[in-house]
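Only one structure is covered here, and it is reproduced in the block below.
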């Protein structure tokens, strides 16, 4: 794994951290207590600003544990942090649970920041595209089950 230096402005307790060696995402925390009613969304401050190097992007992803336990997700997941952005990273959280409110204490881990290299595509105009086996099929066109049916 290559190291990429990312200049970061944050109070020490808000500094993004990898929970385990080899993790792809560094945890982002909330600066203040957050209360979300069922179906409610809120822009949550992390107190973190980064200067991603040219050629890199940051993706702000939901944390699977919050989704599984509380139905908490990110409205625009993944959020995109471009290399030229210097503002605070905010996370647009949403409580998808139809019945239970969610409370997060200040300092709770709310999202993961994944930093990856960017490949800049060159979009070339053409009259048509090559045929493939999949063709124009989308939205479930490849089926649901990955397992072959079991004869009974």
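Cβ coordinates are placed from backbone N, Cα and C, and glycine is handled just like the others.
Remember, it's a predicted structure, so these values are computed and weren't measured experimentally.
What Swiss-Prot says about this protein:
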- 63, 64, 65, 76, 80, 81, 82: substrate binding site (BINDING)
- 129-152: region 'Disordered' (REGION)
Binding-site residues compared (63, 64, 65, 80, 82) - highest count of Cβ atoms within 10 Å: 63
Helix, strand or coil at residue 76 (substrate binding site) [DSSP, three-state]: coil
Structural state of residue 63 (substrate binding site), classified by DSSP into three states: coil
For residue 76 (substrate binding site): intrachain residues, at least 6 apart, with Cβ closer than 8 Å: 92
CB within-chain contacts under 8 A for residue 81 (substrate binding site), separation at least 6: 50, 52, 57, 58, 59, 60, 89, 113
Residue 81 (substrate binding site) in three-state DSSP notation: strand
